[in-house]
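Colleague: So TrEMBL lists the following for this protein:
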type     : residues                       : note
REGION   : 1-117                          : region 'Domain I, interacts with DnaA modulators'
REGION   : 106-149                        : region 'Disordered'
COMPBIAS : 117-127                        : compositional bias 'Basic and acidic residues'
DOMAIN   : 187-315                        : domain 'AAA+ ATPase'
BINDING  : Gly198, Gly200, Lys201, Thr202 : ATP binding site
REGION   : 372-491                        : region 'Domain IV, binds dsDNA'
DOMAIN   : 399-468                        : domain 'Chromosomal replication initiator DnaA C-terminal'
Amino acid sequence: MHNNKGLKPDVGFEGVGSDMELQWSRVLERLKTECEEGVFNSWFKPLALVNVDEGCAVMAAPTRFMRNWLQSNYAERIRQAWSKENPDVTDISIIVLSGFKSAEPQGTLLDNDEQDEARPSASERKQTAAGRKPKASGETRVVQNNSGTEFGAPLDPRFTFDSFVVGKSNELAYAAARRVAENTAVHFNPLFLHGGVGLGKTHLMHAIAWANKQMFPERRVLYLSAEQFMYQFISSIRFKDTMSFKQKFRSVDLLMIDDLQFIANKESTQEEFFHTFNALIDHHHQVVISADRSPTDLEGIEERIRSRLGWGLVADIHPTDYELRLGILQQKANSVPEVEIQTEVLEFLAKRITSNVRELEGALNRMVAHATLIGRPITMEMTQEVLQDLLRANDRRVTIDEIQRRVADYFNIRLSDLLSSRRARQVARPRQIAMYLAKEMTSKSLPEIGRKFGGRDHTTVMHAVKRIDELRQTDSVLEEDILHLERIFST
Ligand SMILES: Nc1ncnc2c1ncn2[C@@H]1O[C@H](COP(=O)(O)OP(=O)(O)OP(=O)(O)O)[C@@H](O)[C@H]1O
């Protein structure tokens with residue numbers, strides 16, 4: 001492992017050698033002669049070279065505003081200036097590294113991985129050049145406190161506690177998040193939120209920041225992804241500004257780092273994270289961390305960090321169940337009152353799109369966009385047509401074989417009996433339920449389902465589906481059984 005103390009100031013990022021620096025100073029000279037002095041001083045002088053890689057020159061601007069302005073007004077001019085100095089450069093990218101002062105860049109001995117990560121990927125560069133926000137850049141989401149001190153960038157205004165739908169799978173995480181947001185006294189430190197992709201970790205963290213900002217405007221809250229943490233750490237070393245970095249991170253009242261798994265195997269970043277984390281906890285400043293798995297399962301993260309992550313409260317966000325998915329869809333549907341969506345459609349989506357909330361929302365958004373375009377209410381027929389691809393992708397997760405196996409297990413009967421022609425009630429009813437679920441949860445046709453059930457006719461399947469549909473309305477035990485089974489398949 002590399003220790004910060006052992007960092008060598010003379011080791012640069014791969015690709016930013018003195019040649020590149022020389023070219024960069026020529027590019028600046030060229031821009032200086034082409035522009036008015038005021039323009040040059042305001043916009044180009046504060047830029048710093050990050051690297052040149054695969055024909056793309058990456059430069060850093062100290063603020064998002066400056067980056068956006070340069071991107072919209074001067075990108076082509078900068079690109080041309082580069083091409084004239086170095087014909088291999090065909091593309092440019094400007095990233096934001098907040099807090100750096102344009103200085104002679106110096107590098108450090110970082111893990112190879114960390115050096116690689118510090119360079120935007122080719123696709124990120126393309127996105128940046130096209131003015132779209134890369135998934136993770138060197139930007140920090142920071143809350144602007146009331147004293148006007150800039151301490152970050154905007155949080156997603158949609159991610160509040162009000163818009164978070166609570167169910168069994170996320171109630172602990174939600175309650176803990178509220179506790180952190182609404183109290184200045186530290187009850188558990190850190191709060192560690194973990195769960196699979198798209199289940200609301202980021203949403204909850206932003207909600208904490210919003211609520212905290214509203215209730216305690218003077219508090220300094222900092223939210224960023226682990227990737228951004230690493231990026232800022234690397235640039236602080238590179239621009240010899242580690243003191244400001246440490247000061248910035250250690251002076252906050254509430255630090256939230258999202259997607260910690262990202263710094264797995266990034267040893268220097270972990271070292272710095274460890275010290276930041278300890279300093280904040282020692283001073284009773286709240287820390288909230290999220291990751292896609294529990295502290296003990298965070299492979300590639302040092303043991304001493306993993307054990308400390310478990311010191312406070314570890315709250316798991318489980319996969320959603322049907323009721324929660326329906327609740328989320330209803331809430332989203334209410335937010336677009338201008339579009340009429342049949343309840344049947346919401347129930348269908350909640351049943352069929354089980355992967356994660358992001359996909360569920362995406363499906364509804366697609367439907368809303370489609371319905372708005374053609375000016376018609378959202379019907380089942382339209383849904384099945386518009387979402388064909390998504391439904392198929394979700395289908396792959398539940399197969400008829402799996403349904404048959406699970407139903408047989410649940411009712412404690414043999415699979416061979418379920419598929420047989422036996423008509424005894426204790427076998428016939430589970431068989432009907434399995435057929436019903438196969439129709440509900442897969443996109444297989446009635447004849448296909450019939451074939452899977454020992455070569456039965458499609459009318460038998462149709463009858464089973466109808467019968468169970470009716471019984472669900474009147475037989476509460478059967479309704480419970482089906483809800484339970486649906487839950488099994490959606491997790
Ligand atoms: N319980 C919920 N209520 C309302 N919206 C939710 C809920 N859970 C998730 N969402 C929505 O689902 C989307 C994905 O959530 P989010 O980005 O917070 O997931 P995540 O767990 O951070 O995922 P990742 O691991 O990919 O970072 C967001 O638009 C969020 O608002």
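Even glycines carry a Cβ here, placed using N, Cα and C.
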Colleague: Who sits close to Gly200 (ATP binding site): which same-chain residues at least 6 apart have their Cβ under 8 Å from its Cβ?
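Modeller: Gly200 (ATP binding site) has long-range Cβ partners Phe164, Asn170, Ala173, Ile317, Val357.
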Colleague: DSSP secondary structure for Gly198 (ATP binding site), reduced to helix/strand/coil, please.
Modeller: coil
Colleague: Neighbourhood of the ATP site (Gly198, Gly200, Lys201, Thr202): other residues with Cβ within 8 Å of the Cβ centroid, in order?
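Modeller: Nearby residues not in the site list: Gly195, Val197, Leu199, His203, Leu204, Ser290, Ile317, Val357, Arg358.
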Colleague: Cβ-Cβ under 8 Å from Thr202 (ATP binding site), same chain, 6 or more residues apart: which ones?
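Modeller: Long-range Cβ contacts: Asp156, Phe159, Asp258, Ser290.
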Colleague: Go ahead and report the DSSP secondary structure tallies for the domain 'AAA+ ATPase' (187-315): helix first, then strand, then coil.
Modeller: 67 helix, 24 strand, 38 coil
Colleague: Per DSSP, what is the helix/strand/coil residue tally across the domain 'Chromosomal replication initiator DnaA C-terminal' (399-468)?
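Modeller: The domain 'Chromosomal replication initiator DnaA C-terminal' (399-468) comes out at 51 helix, 0 strand, 19 coil.
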Colleague: List the residues of the same chain that sit at least 6 positions away from Lys201 (ATP binding site) in sequence and have their Cβ under 8 Å from its Cβ, in sequence order, or write 'none'.
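Modeller: Non-local contacts for Lys201 (ATP binding site): Ala173, Leu193, His194, Gly195, Asp258, Asp259, Ser290, Ile317.
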